[in-house]
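Chemist: Just lifted these from TrEMBL, have a look:
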type	residues	note
DOMAIN	15-201	domain 'YrdC-like'
BINDING	T37, H69, R123, A143, S183	L-threonine binding site
BINDING	R60, N64, S145, S153, R197, Y238	ATP binding site
Amino acid sequence: MKAEIAVMTAENIDRKAIARGGEILKNGGLVAFPTETVYGLGGNALDPKASMKIYAAKGRPSDNPLIVHIADIRDLDKIVTEVPEKARVLAEKYWPGPLTMILPKADIVPKETTGGLDSVAVRFPSDPIAQELILAAGGYVAAPSANTSGRPSPTTAGHVAEDLGEAIDMIIDGGQVNIGLESTIVDFTEDIPVVLRPGYISLEMLRETLGDVRMDKGLIKPDSKVHPKAPGMKYRHYAPKADLAIVEGSTEGVIAEIEKRAGEAEEKGLTVGIIATDETKGRYSHGIVKSIGSREQEETIAHHLYEVLRDFDSCNVSAIYSEAFFTPRMGQAIMNRLLKAAGHKIINVEEEKENDSTGM
Ligand code: TXA
Ligand code: MG
(Lines of atoms letter the chains of each structure in order from A and count residues from 1; the text may use other names and numbers.)
(Lines give C-alpha, C1' and ligand atoms only; values in the text may rest on other atoms or scores of the structure.)
(Ligands and ions follow the chains in the order given, each with its own letter.)
Protein backbone atom coordinates (compact mmCIF):
# COMPACT_ATOMS: atom_id res chain seq x y z
CA MET A 1 0.00 0.00 0.00
CA LYS A 2 1.25 3.43 -0.90
CA ALA A 3 -0.01 6.50 0.98
CA GLU A 4 -2.22 8.91 -0.94
CA ILE A 5 -0.54 12.33 -0.94
CA ALA A 6 -2.61 15.53 -0.76
CA VAL A 7 -0.75 18.81 -1.28
CA MET A 8 -2.15 22.06 0.13
CA THR A 9 -1.18 25.24 1.96
CA ALA A 10 -2.56 26.77 5.15
CA GLU A 11 -3.92 29.66 3.06
CA ASN A 12 -5.51 27.37 0.51
CA ILE A 13 -6.81 24.28 2.27
CA ASP A 14 -8.14 21.45 0.08
CA ARG A 15 -11.41 20.77 1.92
CA LYS A 16 -12.20 17.61 -0.09
CA ALA A 17 -8.86 16.07 0.87
CA ILE A 18 -9.36 17.08 4.52
CA ALA A 19 -12.81 15.43 4.50
CA ARG A 20 -11.24 12.26 3.04
CA GLY A 21 -8.52 12.35 5.73
CA GLY A 22 -11.21 12.77 8.40
CA GLU A 23 -13.08 9.72 7.07
CA ILE A 24 -9.88 7.63 7.03
CA LEU A 25 -9.23 8.57 10.68
CA LYS A 26 -12.83 7.86 11.73
CA ASN A 27 -12.52 4.43 10.12
CA GLY A 28 -9.37 3.57 12.07
CA GLY A 29 -6.77 4.51 9.42
CA LEU A 30 -3.60 6.60 9.70
CA VAL A 31 -3.03 10.09 8.23
CA ALA A 32 0.19 12.12 8.54
CA PHE A 33 -0.26 15.89 8.73
CA PRO A 34 1.74 19.08 9.27
CA THR A 35 1.76 20.96 12.55
CA GLU A 36 3.73 24.10 13.47
CA THR A 37 6.36 21.94 15.25
CA VAL A 38 6.93 18.75 13.21
CA TYR A 39 4.75 16.42 11.09
CA GLY A 40 2.45 14.15 13.13
CA LEU A 41 1.24 10.62 12.42
CA GLY A 42 -2.45 10.75 13.26
CA GLY A 43 -4.90 8.07 14.35
CA ASN A 44 -8.24 8.29 16.22
CA ALA A 45 -7.16 8.85 19.85
CA LEU A 46 -10.27 7.20 21.27
CA ASP A 47 -9.81 3.99 19.25
CA PRO A 48 -7.36 1.58 20.89
CA LYS A 49 -6.83 -0.27 17.60
CA ALA A 50 -5.80 2.94 15.84
CA SER A 51 -3.22 3.64 18.55
CA MET A 52 -1.81 0.12 18.17
CA LYS A 53 -1.53 0.77 14.43
CA ILE A 54 0.47 3.94 15.12
CA TYR A 55 2.97 2.03 17.27
CA ALA A 56 3.31 -0.64 14.60
CA ALA A 57 3.80 1.83 11.73
CA LYS A 58 6.53 3.73 13.61
CA GLY A 59 8.15 0.64 15.14
CA ARG A 60 7.67 2.39 18.48
CA PRO A 61 7.49 0.63 21.85
CA SER A 62 3.85 0.69 23.01
CA ASP A 63 4.80 1.92 26.51
CA ASN A 64 5.70 5.29 24.99
CA PRO A 65 2.46 7.32 25.19
CA LEU A 66 0.98 9.42 22.38
CA ILE A 67 -0.13 13.07 22.42
CA VAL A 68 -3.85 13.67 21.89
CA HIS A 69 -4.42 16.64 19.57
CA ILE A 70 -7.58 18.75 19.85
CA ALA A 71 -8.76 21.74 17.82
CA ASP A 72 -11.36 23.26 20.14
CA ILE A 73 -10.62 24.17 23.75
CA ARG A 74 -14.13 22.96 24.74
CA ASP A 75 -13.10 19.42 23.79
CA LEU A 76 -10.51 19.29 26.57
CA ASP A 77 -12.91 18.53 29.43
CA LYS A 78 -14.13 15.30 27.85
CA ILE A 79 -10.71 13.60 27.92
CA VAL A 80 -9.33 14.76 31.29
CA THR A 81 -10.82 14.55 34.81
CA GLU A 82 -9.40 17.83 36.04
CA VAL A 83 -7.77 20.98 34.67
CA PRO A 84 -5.77 22.76 37.41
CA GLU A 85 -6.02 26.56 37.41
CA LYS A 86 -2.40 26.93 36.28
CA ALA A 87 -3.02 24.68 33.29
CA ARG A 88 -6.01 26.83 32.28
CA VAL A 89 -3.89 29.95 32.50
CA LEU A 90 -1.16 28.40 30.35
CA ALA A 91 -3.67 27.12 27.79
CA GLU A 92 -5.15 30.59 27.50
CA LYS A 93 -1.73 32.06 26.88
CA TYR A 94 -0.17 29.47 24.53
CA TRP A 95 -3.00 27.49 22.88
CA PRO A 96 -3.26 26.99 20.02
CA GLY A 97 0.50 26.55 19.90
CA PRO A 98 3.60 24.41 20.56
CA LEU A 99 2.58 23.41 24.10
CA THR A 100 1.61 19.94 25.37
CA MET A 101 0.09 19.51 28.82
CA ILE A 102 -0.01 16.29 30.87
CA LEU A 103 -3.31 15.98 32.78
CA PRO A 104 -5.20 13.18 34.56
CA LYS A 105 -7.02 11.16 31.89
CA ALA A 106 -10.75 10.41 31.69
CA ASP A 107 -11.93 6.82 31.10
CA ILE A 108 -12.84 7.55 27.50
CA VAL A 109 -9.13 7.71 26.58
CA PRO A 110 -7.90 4.14 26.07
CA LYS A 111 -4.76 2.98 27.87
CA GLU A 112 -3.35 2.02 24.47
CA THR A 113 -3.17 5.74 23.66
CA THR A 114 -1.46 6.66 26.95
CA GLY A 115 0.99 3.76 27.03
CA GLY A 116 -0.77 2.38 30.11
CA LEU A 117 -0.55 5.64 32.11
CA ASP A 118 -3.41 7.32 34.03
CA SER A 119 -2.45 10.69 32.57
CA VAL A 120 -2.87 11.99 29.04
CA ALA A 121 -0.78 14.43 26.99
CA VAL A 122 -2.93 17.04 25.20
CA ARG A 123 -1.97 19.60 22.58
CA PHE A 124 -3.96 22.15 20.56
CA PRO A 125 -1.77 22.88 17.49
CA SER A 126 -1.94 26.25 15.73
CA ASP A 127 -1.46 24.95 12.18
CA PRO A 128 -4.78 25.54 10.32
CA ILE A 129 -4.41 22.31 8.29
CA ALA A 130 -3.94 20.30 11.49
CA GLN A 131 -6.96 21.97 13.06
CA GLU A 132 -9.23 21.26 10.09
CA LEU A 133 -8.16 17.62 9.97
CA ILE A 134 -8.69 17.11 13.72
CA LEU A 135 -12.20 18.58 13.50
CA ALA A 136 -13.00 16.44 10.43
CA ALA A 137 -11.86 13.36 12.37
CA GLY A 138 -14.22 14.00 15.27
CA GLY A 139 -12.00 16.11 17.52
CA TYR A 140 -9.37 13.77 19.00
CA VAL A 141 -6.29 12.75 17.02
CA ALA A 142 -3.42 10.86 18.65
CA ALA A 143 -0.20 11.85 16.91
CA PRO A 144 3.44 11.16 17.62
CA SER A 145 6.02 12.65 15.28
CA ALA A 146 5.63 10.99 11.86
CA ASN A 147 9.09 9.38 11.67
CA THR A 148 10.19 5.79 11.99
CA SER A 149 11.22 5.31 15.63
CA GLY A 150 14.92 6.22 15.97
CA ARG A 151 15.03 8.71 13.07
CA PRO A 152 14.85 12.51 13.36
CA SER A 153 11.34 13.99 13.45
CA PRO A 154 10.08 14.98 9.99
CA THR A 155 9.92 18.65 9.04
CA THR A 156 8.72 18.05 5.46
CA ALA A 157 6.21 15.67 3.88
CA GLY A 158 9.14 14.18 1.95
CA HIS A 159 10.69 13.02 5.24
CA VAL A 160 7.38 11.39 6.18
CA ALA A 161 7.14 9.60 2.82
CA GLU A 162 10.75 8.38 3.19
CA ASP A 163 9.98 6.77 6.56
CA LEU A 164 6.29 5.81 6.41
CA GLY A 165 5.14 6.12 2.79
CA GLU A 166 4.36 2.40 2.56
CA ALA A 167 2.85 1.99 6.03
CA ILE A 168 0.07 4.59 6.26
CA ASP A 169 -3.06 5.63 4.32
CA MET A 170 -2.52 9.31 3.58
CA ILE A 171 0.06 12.10 3.85
CA ILE A 172 -1.08 15.71 3.87
CA ASP A 173 1.74 17.81 2.44
CA GLY A 174 1.50 21.32 3.83
CA GLY A 175 5.08 22.30 3.04
CA GLN A 176 7.94 22.80 5.48
CA VAL A 177 6.95 23.21 9.14
CA ASN A 178 7.56 26.43 10.99
CA ILE A 179 9.39 25.64 14.25
CA GLY A 180 11.13 22.34 13.48
CA LEU A 181 11.38 20.98 17.06
CA GLU A 182 8.67 19.15 19.00
CA SER A 183 6.37 20.96 21.46
CA THR A 184 7.29 21.88 25.02
CA ILE A 185 5.74 19.31 27.41
CA VAL A 186 4.56 20.48 30.86
CA ASP A 187 3.34 18.00 33.46
CA PHE A 188 0.46 19.22 35.66
CA THR A 189 -0.04 16.02 37.65
CA GLU A 190 2.20 17.32 40.47
CA ASP A 191 1.77 20.45 42.61
CA ILE A 192 4.54 22.34 40.85
CA PRO A 193 4.42 22.14 37.03
CA VAL A 194 7.36 20.21 35.56
CA VAL A 195 8.90 20.58 32.08
CA LEU A 196 9.30 17.07 30.65
CA ARG A 197 10.59 18.20 27.24
CA PRO A 198 12.00 21.65 26.38
CA GLY A 199 10.72 23.34 23.21
CA TYR A 200 9.96 26.66 21.58
CA ILE A 201 8.19 27.80 24.77
CA SER A 202 11.15 28.09 27.15
CA LEU A 203 11.41 27.56 30.90
CA GLU A 204 11.73 31.32 31.34
CA MET A 205 8.51 31.95 29.39
CA LEU A 206 6.69 29.36 31.51
CA ARG A 207 7.99 30.89 34.75
CA GLU A 208 6.82 34.30 33.62
CA THR A 209 3.27 33.00 33.40
CA LEU A 210 3.19 30.38 36.17
CA GLY A 211 5.81 31.38 38.74
CA ASP A 212 7.42 28.23 40.08
CA VAL A 213 8.18 25.66 37.33
CA ARG A 214 10.69 22.80 37.63
CA MET A 215 12.77 21.04 35.01
CA ASP A 216 12.45 17.23 35.08
CA LYS A 217 15.49 15.83 36.94
CA GLY A 218 16.07 13.26 34.23
CA LEU A 219 16.68 16.09 31.76
CA ILE A 220 19.14 18.05 33.88
CA LYS A 221 21.55 15.15 34.40
CA PRO A 222 20.97 12.82 31.48
CA ASP A 223 23.73 10.45 32.50
CA SER A 224 22.46 9.99 36.05
CA LYS A 225 20.29 7.11 37.23
CA VAL A 226 17.17 9.34 37.23
CA HIS A 227 14.93 8.40 34.29
CA PRO A 228 13.12 11.20 32.46
CA LYS A 229 9.41 11.18 33.33
CA ALA A 230 8.28 11.36 29.70
CA PRO A 231 8.90 7.77 28.59
CA GLY A 232 9.94 8.95 25.13
CA MET A 233 12.77 11.06 26.50
CA LYS A 234 14.70 8.05 27.77
CA TYR A 235 15.31 6.67 24.30
CA ARG A 236 18.30 7.76 22.28
CA HIS A 237 16.18 9.41 19.62
CA TYR A 238 18.40 9.31 16.67
CA ALA A 239 21.72 7.67 16.07
CA PRO A 240 23.21 9.06 12.85
CA LYS A 241 24.97 6.41 10.77
CA ALA A 242 28.26 8.21 11.40
CA ASP A 243 29.39 9.04 14.95
CA LEU A 244 28.29 12.51 15.98
CA ALA A 245 30.20 14.62 18.53
CA ILE A 246 29.49 18.16 19.70
CA VAL A 247 32.42 20.55 20.12
CA GLU A 248 31.99 23.23 22.76
CA GLY A 249 34.09 26.27 23.69
CA SER A 250 35.06 29.67 22.26
CA THR A 251 34.25 30.17 18.56
CA GLU A 252 37.94 30.18 17.62
CA GLY A 253 38.70 27.13 19.77
CA VAL A 254 35.83 25.14 18.29
CA ILE A 255 36.75 25.96 14.68
CA ALA A 256 40.42 25.05 15.30
CA GLU A 257 39.50 21.73 16.93
CA ILE A 258 37.07 20.68 14.18
CA GLU A 259 39.55 21.76 11.47
CA LYS A 260 42.28 19.67 13.10
CA ARG A 261 40.12 16.56 13.30
CA ALA A 262 38.76 17.01 9.77
CA GLY A 263 42.31 17.47 8.43
CA GLU A 264 43.53 14.32 10.20
CA ALA A 265 40.64 12.33 8.76
CA GLU A 266 41.40 13.61 5.27
CA GLU A 267 45.01 12.43 5.56
CA LYS A 268 43.64 8.94 6.24
CA GLY A 269 41.43 9.19 3.15
CA LEU A 270 38.25 9.76 5.19
CA THR A 271 35.75 12.60 5.08
CA VAL A 272 34.00 14.15 8.06
CA GLY A 273 30.75 16.11 8.17
CA ILE A 274 30.69 19.49 9.88
CA ILE A 275 27.59 21.21 11.26
CA ALA A 276 28.40 24.93 11.19
CA THR A 277 26.47 28.20 11.00
CA ASP A 278 26.14 30.97 8.42
CA GLU A 279 28.69 32.91 10.47
CA THR A 280 31.32 30.11 10.55
CA LYS A 281 30.82 27.94 7.46
CA GLY A 282 33.43 29.83 5.42
CA ARG A 283 36.05 29.19 8.08
CA TYR A 284 36.37 25.44 7.46
CA SER A 285 38.68 24.15 4.75
CA HIS A 286 38.16 20.40 5.23
CA GLY A 287 35.17 18.05 5.27
CA ILE A 288 31.59 18.44 4.06
CA VAL A 289 30.33 21.63 5.71
CA LYS A 290 26.60 22.30 6.17
CA SER A 291 25.25 25.47 7.68
CA ILE A 292 22.37 24.86 10.05
CA GLY A 293 21.30 28.52 10.21
CA SER A 294 22.35 31.79 11.78
CA ARG A 295 23.25 32.45 15.41
CA GLU A 296 21.69 35.88 14.93
CA GLN A 297 18.35 34.14 14.33
CA GLU A 298 18.24 31.11 16.56
CA GLU A 299 14.88 29.94 15.14
CA THR A 300 16.72 29.10 11.92
CA ILE A 301 18.94 26.65 13.84
CA ALA A 302 15.92 24.88 15.38
CA HIS A 303 14.22 24.92 11.99
CA HIS A 304 17.03 23.06 10.17
CA LEU A 305 18.42 20.74 12.85
CA TYR A 306 16.55 17.56 11.89
CA GLU A 307 16.93 18.23 8.17
CA VAL A 308 20.73 18.55 8.46
CA LEU A 309 20.94 15.35 10.50
CA ARG A 310 18.87 13.50 7.89
CA ASP A 311 21.04 14.97 5.10
CA PHE A 312 24.25 13.62 6.59
CA ASP A 313 22.82 10.10 6.58
CA SER A 314 22.92 10.16 2.80
CA CYS A 315 26.54 11.43 2.73
CA ASN A 316 29.40 9.02 3.11
CA VAL A 317 31.11 10.55 6.15
CA SER A 318 33.12 8.71 8.80
CA ALA A 319 32.22 11.12 11.62
CA ILE A 320 30.20 14.29 12.15
CA TYR A 321 31.33 17.22 14.29
CA SER A 322 28.83 19.87 15.30
CA GLU A 323 29.34 23.24 16.87
CA ALA A 324 27.34 23.64 20.13
CA PHE A 325 24.26 25.89 20.04
CA PHE A 326 23.61 27.23 23.52
CA THR A 327 21.59 30.11 22.06
CA PRO A 328 19.72 32.40 24.47
CA ARG A 329 16.07 31.36 24.06
CA MET A 330 15.84 28.03 22.23
CA GLY A 331 19.29 26.73 23.18
CA GLN A 332 17.89 24.40 25.82
CA ALA A 333 15.59 22.70 23.31
CA ILE A 334 18.15 22.61 20.49
CA MET A 335 20.92 21.16 22.69
CA ASN A 336 18.53 18.64 24.27
CA ARG A 337 17.87 17.13 20.79
CA LEU A 338 21.46 17.45 19.56
CA LEU A 339 22.94 15.86 22.70
CA LYS A 340 20.54 12.94 22.35
CA ALA A 341 21.54 12.45 18.73
CA ALA A 342 25.21 12.53 19.82
CA GLY A 343 24.65 10.05 22.65
CA HIS A 344 25.92 12.91 24.90
CA LYS A 345 29.38 12.97 23.32
CA ILE A 346 30.68 16.48 23.91
CA ILE A 347 34.23 17.71 23.43
CA ASN A 348 35.05 20.74 25.54
CA VAL A 349 37.91 22.53 23.81
CA GLU A 350 38.94 24.68 26.76
CA GLU A 351 38.98 21.74 29.18
CA GLU A 352 40.87 19.62 26.71
CA LYS A 353 43.68 22.16 26.57
CA GLU A 354 44.06 21.93 30.34
CA ASN A 355 43.99 18.19 30.89
CA ASP A 356 43.66 16.58 27.46
CA SER A 357 41.38 13.95 28.95
CA THR A 358 38.29 13.81 26.79
CA GLY A 359 39.33 10.54 25.23
CA MET A 360 37.69 11.50 21.93
O1 TXA B 1 5.28 18.78 18.66
C2 TXA B 1 4.85 17.68 19.03
O3 TXA B 1 4.56 17.46 20.22
C4 TXA B 1 4.69 16.59 17.97
C5 TXA B 1 3.56 17.02 17.02
C6 TXA B 1 3.20 15.94 16.05
O7 TXA B 1 2.46 17.43 17.75
N8 TXA B 1 4.43 15.33 18.57
C9 TXA B 1 5.36 14.62 19.25
O10 TXA B 1 4.95 13.39 19.73
O11 TXA B 1 6.49 15.02 19.43
P12 TXA B 1 5.95 12.23 20.20
O13 TXA B 1 5.09 11.04 20.39
O14 TXA B 1 7.06 12.10 19.26
O15 TXA B 1 6.43 12.70 21.61
C16 TXA B 1 5.55 12.62 22.71
C17 TXA B 1 6.32 12.67 24.00
C18 TXA B 1 7.05 11.37 24.29
O19 TXA B 1 8.32 11.66 24.84
C20 TXA B 1 6.13 10.73 25.34
O21 TXA B 1 6.83 9.86 26.16
C22 TXA B 1 5.60 11.94 26.08
O23 TXA B 1 5.39 12.87 25.07
N24 TXA B 1 4.31 11.68 26.74
C25 TXA B 1 3.12 11.44 26.14
N26 TXA B 1 2.15 11.20 27.06
C27 TXA B 1 2.73 11.31 28.27
C28 TXA B 1 2.26 11.16 29.63
N29 TXA B 1 0.99 10.87 29.90
N30 TXA B 1 3.17 11.34 30.63
C31 TXA B 1 4.46 11.65 30.36
N32 TXA B 1 4.96 11.80 29.09
C33 TXA B 1 4.11 11.62 28.07
MG1 MG C 1 8.89 11.68 18.39
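Quick reminder: no glycine exception, Cβ is built from N, Cα and C everywhere.
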Chemist: Looking at the binding-site residues N64, S145, S153, Y238, which has the shortest Cα distance to R123 (L-threonine binding site)?
Modeler: S145
Chemist: Please report the Cα separation of T37 (L-threonine binding site) and S145 (ATP binding site) in Å, rounded to an integer.
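Modeler: Cα-Cα distance, T37 (L-threonine binding site) to S145 (ATP binding site): 9 Å.
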Chemist: Using a 10 Å cut-off on Cβ-Cβ distances across all protein chains shown, tell me which of the binding-site residues (N64, S145) has the largest neighbour count.
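Modeler: Ranked by Cβ atoms within 10 Å, first place goes to S145.
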Chemist: Using the residues the record lists for ATP (R60, N64, S145, S153, R197, Y238), what whole-number Å value is the largest Cα to Cα distance?
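Modeler: Taking every pair of listed residues, the largest Cα separation comes to 18 Å.
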Chemist: I'd like to know which of the binding-site residues listed (N64, A143, S145, S183, R197, Y238) lie near ligand 2, counting only a CB under 6 Å away.
Modeler: S145
Chemist: Cα distance, S183 (L-threonine binding site) to N64 (ATP binding site), nearest Å?
Modeler: 16
Chemist: Within 10 Å of the Cβ of Y238 (ATP binding site), how many other Cβ atoms are there?
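Modeler: The answer is 22.
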Chemist: Per the record, L-threonine is bound by T37, H69, R123, A143, S183: how many Å separate the farthest pair of Cα atoms?
Modeler: 13
Chemist: May I ask for the distance between Y238 (ATP binding site) and S183 (L-threonine binding site), taken between their Cα atoms and rounded to an integer number of Å?
Modeler: 17
Chemist: Can you name the residues of this chain that are 6 or more positions from R60 (ATP binding site) yet have a C-beta less than 8 Å from its C-beta?
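Modeler: Result: I54, P144, S149.
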Chemist: Suppose you look only at the domain 'YrdC-like' (15-201); what would the mean pLDDT be?
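Modeler: So the average pLDDT across the domain 'YrdC-like' (15-201) works out to 97.
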Chemist: Select the most exposed residue of H69, R197, where exposure means the fewest other Cβ atoms within 10 Å, treating these as the binding-site residues.
Modeler: R197
Chemist: When you tally the Cβ atoms that lie within 10 Å of each candidate's Cβ, which of the binding-site residues (T37, R123, S153, S183) has the highest tally?
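Modeler: Comparing the binding-site residues T37, R123, S153, S183, the most crowded Cβ belongs to T37.
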Chemist: Reported as an integer number of Å, what is the Cα distance between S145 (ATP binding site) and S183 (L-threonine binding site)?
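Modeler: Cα to Cα, S145 (ATP binding site) and S183 (L-threonine binding site) are separated by 10 Å.
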Chemist: To the nearest whole angstrom, what is the C-alpha distance linking R197 (ATP binding site) and H69 (L-threonine binding site)?
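Modeler: Cα to Cα, R197 (ATP binding site) and H69 (L-threonine binding site) are separated by 17 Å.
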